[in-house]
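Worksheet for the structure shown next.
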Amino acid sequence: MFQPNDTPMPSARLNEETPKGAWSTLKIRSKYYLPILQWLPLYNRQLFLGDCLAGITLACLLIPQGLSYATALCKLDAIHGLYGIAFPAISYAFFGMSRQMSVGPEATLALLIGSSIAQQEHLKHSDDYEIDPLAWACLMTFFVGIFTLLLGIFRLGFLDSLMSRALLRGFISGVALVVMVQQGITLLGLVERSKEWGISEASTTIERLYFLFTNIKYAHGLSSAVSIISVGILLTMRIVKSKYGQSKKWFQLFPDVLLVVVGSILLTHRFGWDRKGLAILGKIESAGIPLPSIPSFPPSKHMKDLLVTSAMISVIGFVESIVIAKIYSSRHNYSVSANRELVALGVANICSGLFQGIPAFGSVSRSKINDKAGARTQMACLVTGVIALLAILFLLPYFHYLPKAVLSSIIFVAVLSLLSELPEDLHFIFKIGAWRDLGLLLITFFATIIISLEFGTLLAVTLSLLVTIRETSYPRISIMGRVKGSVNKFKPVQDDPSEIEHLQDVLIVRIEEALFFANTGQLKDRLRRLEMFGDMSIHPSESPRRDESLYTIFDVGAMPTIDASAIQILYEIVEAYKSRSVQVYFVRLREQPLGMFKKSGLLYLVGENHLFKKVSEAIECIELDISKRGTTVV
């Protein structure tokens, strides 16, 4: 079967001064930045069959999810969940590179939108500003797209590597628990009673949990029964699919969510359950396809809250999306660019905001279904978007009798999958003894549950950045010694202390990475500790374990580059050694650092006769110097 090639085309040197050359350049560049121009001309019927089946399968899942997320999490009209499916999916099909990733509303991000709206409604604004929930949500979605697009334009796709998996797992698991507790009120039919208790969207998870435990005896029987049966069917089908889906493909394609939705609508209409206290979705107000428009901006002092939450949604959404894109590109042997994915997701969310939708990013569970259903190009995403548009135009009246308990059941089961990887991650953390990761996971988890989603999000991002800064601020350096029984064989002492011997009066330091402004601040202190103790693990309060050295050798073969800040610090270090009458040698100095040594004057300070290609050559030079004093290096 033909597989479209999304590998970025090599740049060509064309004569852009002529119209023909400019047109050729435009064609090459347009295929790079608009991937649909690359795969669509090579498309065939065989690919369409798989993509069409995947798109329909995904639409059967996404449409009920979109309705659920908009109404139950964002507290908006259901139609906006469908807008958040259709326009981002169609946009991504044009700009995205991942063939299997499903782009649409996500529970975590929808809850952040709803939480932000609830906070603004709860605050007492002195300027008589009253929030318009729809305008706030659409504007937030628009700025999510702007932030994501800017990340791609400025080529910041590497930022997904900065988010610690433990922190992300703690935050996502915390959000899952928050959503489950929130939906528990609807599942048990306690919405009206919760209002009497003063439970609102601004209430904490602890307050909701206390309310549920206290009032579970007042649960509405019919609502609870519908919820239990719906959750039971969805969970059972999930287990069956995971167990038999590999051998029997039709299990994976079975539209269990659609079955529950259609079945509950028919039963509610037939038996009049809405008249017996079962809350239903009711009439969905819609004027069809809206014209694109930018919502009105709130007063400037309220923009800060909106922009901060938008930025956090952007970061969390793109991190998960990039991971998904990389997984499936590797599995199906094609390439994706993190920066171009950011641009595609940014455009998708800008379109969603302009057309009154909610944020849309990649989903692990939906992408897995998309892949197993046969998606081989971005056409599957396009089919899903078109079906969502058809649902907006023709199917809305049929959702009138859809029970809200079923919508909450769909959300409940969806977020339950977010918790499914937590036990595996915890087992792995305990297995390898990664206690710092465990601490970070638990801190983020409990902060999200106890304080707020926004605080949990901010904490996850902040801690990830702090951990990254901490790790990169300490240069990787180690002391080397001579292997016992050899003459010119040297290894780091920490590799095998029993087989390595220190050389008297000589300190051999290996620098194992490029030096730049971020990792040289601690270089002086680390060198001093290595001189005194020979090992960074020894606490500085202990007595020195090494005599002061008369010679220091820097093995810099693994240092490919050095910047201006680092060369200044290195200059100061060499000056300090010289003031203590310590001779300094550099071994295996590479081209770029050598140029910086010359320009900065460090080469003159060290002396060209103190540069060597091997550590053993520097030792020979030192031995000649020491021999004049009547001793030898041992």
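Glycine is no exception: its Cβ is also placed from the backbone N, Cα and C atoms.
Those TrEMBL annotations? Automatic predictions, nothing curated.
Source: prediction; values computed, not measured.
The domain 'STAS' annotation in TrEMBL covers 496-622. Per TrEMBL, transmembrane segment is recorded for 47-64, 76-95, 134-154, 166-191, 218-238, 250-268, 306-329, 341-361, 373-396, 401-420, 440-467.
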Legend entry - the transmembrane segment (250-268) in contact with the transmembrane segment (440-467), cutoff 8 A, at least 3 CB pairs, sep 6+: no
Legend entry - CB contact flag for the transmembrane segment (134-154) and the transmembrane segment (341-361), at least three pairs under 8 A: yes
Inset, instruction - Counting only CB pairs under 8 A, let me know which of 76-95, 218-238, 440-467 has the most with the transmembrane segment (341-361). - result: 76-95
Legend entry - Within-chain partners of the transmembrane segment (76-95) [C-beta distance under 8 Å, separation at least 6 from its ends]: 34-36, 62-63, 65-70, 101, 103-105, 133-134, 137-138, 141, 281, 284-286, 290, 340, 343-345, 347-349, 351-352, 354-360, 378-379, 381-382, 384-386, 388-389, 391-392, 396, 399
Inset, instruction - Calculate the per-residue pLDDT averaged over the domain 'STAS' (496-622) and state the result as an integer. - result: 87
Legend entry - Contact yes or no, the transmembrane segment (440-467) and the transmembrane segment (373-396), 3+ Cβ pairs under 8 Å, gap 6+: no
Legend entry - Recorded stretch that, among 47-64, 166-191, 218-238, has the most CB pairs under 8 Å to the transmembrane segment (401-420): 166-191
Inset, instruction - Could you tell me whether the transmembrane segment (218-238) and the transmembrane segment (47-64) are in contact, taking contact to mean 3+ Cβ pairs under 8 Å with a sequence separation of 6 or more? - result: no
Inset, instruction - State the non-local partners of the transmembrane segment (373-396) in its own chain: residues 6+ outside its ends, Cβ under 8 Å from one of its Cβ atoms. - result: 1, 3-4, 35-36, 39, 43, 47-59, 62-63, 66, 79, 82-83, 85-90, 92-94, 96, 98-104, 252-253, 284, 286, 288-289, 332
